[in-house]
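What Swiss-Prot records for this protein:
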{"type": "BINDING", "residues": "551, 554, 569, 572", "note": "Zn(2+) binding site"}
């Protein structure tokens with residue numbers, strides 16, 4: 001650090017300015033010395049920023065800190081004696097922290113540190129030494145093998161997608177009633193593993209399978225990260241999973257002695273659905289186990305008393321009309337009833353939980369990813385007999401595109417495929433831990449010793465023609481993860497359905513049976529093509545058409561009086577018969593436009609609409625003929 005004694009340096013404690021000093025280096029070294037002696041809390045950190053000329057001392061909670069070995073005069077304070085004592089159990093890791101052998105640094109103080117990866121790299125300038133290079137990475141990134149050979153964004157993607165991968169996260173899934181669960185049928189331990197996995201116990205709860213991967217283009221079906229799958233491998237169970245969803249219902253009690261009831265609702269109940277929706281319910285109003293249900297089917301029949309007191313008061317002379325409050329399967333989902341559990345809540349109300357099971361076999365559009373951020377969706381399934389095969393008869397499980405490798409620089413995946421091949425042939429696990437895994441040349445030598453070419457490529461033959469490919473194909477074993485993003489949970493279409501209360505436009509989203517938004521950019525395309533009728537159809541007729549009568553005299557909305565059979569304008573007093581349209585014609589506009597006009601009125605702006613005669617679409621041909629005749633007359 002440069003000597004800046006002539007300048008006053010600001011001192012901040014947890015972001016608050018507490019004072020200044022003209023000897024920043026002495027202060028920083030003094031605080032670090034006190035921390036190492038145990039006179040200050042071990043998680044206290046101090047950082048001196050020369051550029052901004054300030055010292056930050058942090059003691060607050062919520063900071064990420066990590067342990068490092070302290071280095072003084074080019075030598076680590078951790079000795080062989082410490083390690084022997086640790087092995088014998090005479091001292092603990094906490095004792096090393098108290099002695100100042102190991103200290104915790106946060107992100108801010110790490111900027112002042114010069115950290116060596118290994119003891120061989122240590123110099124006089126180094127301040128700290130990594131306990132092990134693998135501590136650089138967190139849990140998500142540490143699971144990926146050979147991450148030092150990948151670009152940083154791909155490691156970040158791999159860490160994010162690892163959290164979405166399917167496996168068996170707990171051993172009691174058969175008895176659990178989670179709101180949602182998705183489990184892989186045959187998870188495998190990865191052939192190429194890391195030390196992070198051992199520490200985490202990943203092998204006990206793996207989340208993926210070892211795929212035989214070939215890197216080659218296949219008739220254009222694996223362009224843009226699509227993946228070609230071996231259909232026979234899928235039939236044997238590759239990537240198969242089960243999705244569970246739990247629905248629950250409770251018999252609530254209400255003031256006045258009324259309560260919900262589990263039953264098959266009568267036809268007279270308010271909100272009664274069609275008979276077909278209740279077909280799987282048994283006498284007690286609860287669905288039968290192993291029934292196949294789909295979206296909209298009732299799985300727990302339930303009726304409730306009138307929602308508001310006014311409803312009950314209206315029907316007080318008659319028997320109060322109950323309403324249907326049954327539990328239905330979500331729109332777009334289906335499955336078999338796996339389990340039904342009847343129990344009670346703390347208040348003593350009956351509670352029923354229904355678990356629905358759905359088998360998810362990989363299909364076109366399902367998302368898969370390697371541990372190197374190479375994600376893709378299934379683009380084609382091909383029978384095994386039509387896929388390329390090697391001289392030894394190996395057929396790949398998946399084929400990925402070669403264009404996915406160069407620009408993304410995921411060399412770690414190529415090394416994993418090489419290591420997976422060696423591990424499968426030798427029957428052992430390969431270590432792919434960051435900076436300390438098995439070296440590339442060792443894997444190449446092992447392949448040569450096994451009778452394969454050191455570069456991992458093999459001669460392959462076309463499954464359809466039997467002809468040998470002109471080039472050798474890179475083939476190996478990589479660990480692939482099936483992700484939760486399946487096409488079955490995303491596919492959506494709608495012809496008609498619910499609309500919003502305010503705008504009267506279709507609802508949004510798959511869960512609400514919503515429409516597909518026709519946005520500004522799509523609108524501009526139709527304008528550019530001059531497709532006026534299609535534009536009108538999309539933006540009004542199929543969205544929120546609204547018939548309203550407008551006064552042709554003042555241009556404001558008129559009022560319909562169906563009882564008297566009249567239309568009248570509240571502004572200028574124009575009156576007209578309901579079936580006439582000379583003074584107060586009917587106009588079809590988008591309801592959103594009517595809402596806009598109402599909102600303008602609320603801000604004391606009165607918009608007026610000019611109304612003219614229109615040409616009916618049915619009479620358009622006659623109208624054109626008249627124009628043509630008039631043109632002919634004018635020429636004569």
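Note: Cβ is positioned from N, Cα and C throughout, glycine not excepted.
Fair warning: this is a prediction, and the values are worked out from it, not measured in the lab.
Taking each Cβ in turn and tallying the other Cβ atoms within 10 Å, the top scorer among the binding-site residues 551, 569, 572 is 551. Excluding 551, 554, 569, 572, which define the Zn(2+) site, the same chain contributes 552, 553, 555, 556, 558, 570, 571, 573, 574, 584 within 8 Å (Cβ to the Cβ centroid), listed in sequence order. Close to residue 554 (Zn(2+) binding site) in the fold, though at least 6 residues off in sequence, lie 569, 571, 572, 574, 608, each with a CB less than 8 Å from its CB.
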